[in-house]
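K.L.:
Submitted below is the structure of interest, expressed as structure tokens.
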Amino acid sequence: MFWDFKHRIEQSVTNFRETTYEAFSRCKLFLKTLPKTSIFFLTVIILECLLIICFEGYCIGQFRTVELLKNLGIDSLPISLTLFIFACFFILYLCVEALSSKNIIEIIGLLCIHVALFIYSIVQISELAEIQKVFLSKTQSSLNPITLILNRHEAGNEGIYFILEVPKRIKPFLIALPVILGVASVMLGFLAHGMNKAYGWVIYKKIGPELRMRRRYLVYKIYVTLLKIDIYFFLGVTVQYVMVLPEDAVVEFVLTILVLPLTVLILTLSFNSVSSENMFLMMTVQFFYVCGIPYILFKIIRMYTSTQKEYYASSKQMITTFSVITLLLLLFTIAIGFACSHNFKKGLKEYCM
């Protein structure tokens, strides 16, 4: 029995080594096939993501030390910081996929994501000041440091620490985020221009010299890229809606939770409908996308006009920004979706399979 157990462990270790070696071999082979411009592009993405993850992780850690924020319902900034970290992994995945398939449309999509995150990172800085104001109003404190220190026994050490220490510690890192994204975007844009020359022939080689078919294929690739970007933004905005709901909004909480699997299902059907040129399925998902417009508008308006608008005071700037970006993306997805459906049954299907 002992030898059996030992043999199983040795077999598991051997399998792990073989799998790891195979993964490294594939990675090495992948890097060898890339031109220098693409390697520089990937390097910039990796360095950028590492810096953002480190900075955001530090900021989240500082917020998590103040339990009072969660009790007061104003811990919205850590949620947006966490979404930023997930955005880094998403960007890295999209970059590797774009480079491996030599897809210049996805490269351009990456640049668009950077612009959106750049705007979002600027809003994060102003949101910190808003959270401070809401914290002070809910704890009935003053922003005067002398008053805070004199009343520290009444207000609580945790509140004093948040007002005096946390913003001072994390603000430089929040300011660094748009700087990193801005510099990286400029570098990536310059590299993408060079990659366009190398990858520009991919569509021509796949489709041939027929101009109309190439344009149809280009529209198809734009739509597929949009759907991939939609995955992050659609799910991200829904998660934010869930996290900031009041505790007594049970029905709305359940309905918002149900939007998550519905979003995944609709996006999956979108991929299938456009690749199989299924008009009925395409119109079905388009209908759901159109329904998403009033849904997002309702969520935005509700934060500013409902009787519980004070509950959203510390997070409405970030959620509004993310919602507007998602809404614009949704409108663009609908428009390109109709353009794709117009190209059905015109010989493009064989190139999309």
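Even glycines carry a Cβ here, placed using N, Cα and C.
Pulled these features from Swiss-Prot for this protein:
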- 39-59: transmembrane segment (TRANSMEM)
- 76-96: transmembrane segment (TRANSMEM)
- 103-123: transmembrane segment (TRANSMEM)
- 172-192: transmembrane segment (TRANSMEM)
- 226-246: transmembrane segment (TRANSMEM)
- 249-269: transmembrane segment (TRANSMEM)
- 281-301: transmembrane segment (TRANSMEM)
- 318-338: transmembrane segment (TRANSMEM)
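What does the local environment look like for each feature on the list?
P.N.:
Beyond its flanks by at least six residues, the transmembrane segment (226-246) meets 73, 76, 79-80, 83, 86-87, 90, 94, 106, 109, 112-113, 116, 252-253, 256-257, 259-260, 263-264, 267, 270-271, 292, 296, 299, 308, 311-312, 315, 318-319, 322-323, 325-326, 329-330, 332-333, 336 of its own chain at Cβ-Cβ distances under 8 Å.
Outside the transmembrane segment (249-269), and at least 6 residues removed from its termini, the chain residues within Cβ reach (under 8 Å) are 227, 230-231, 234-235, 238-239, 241-242, 281, 284-285, 288-289, 295, 308.
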K.L.:
Between the stretches 39-59, 103-123, 172-192, 281-301, which wins on the count of C-beta pairs under 8 angstroms to the transmembrane segment (318-338)?
P.N.:
281-301
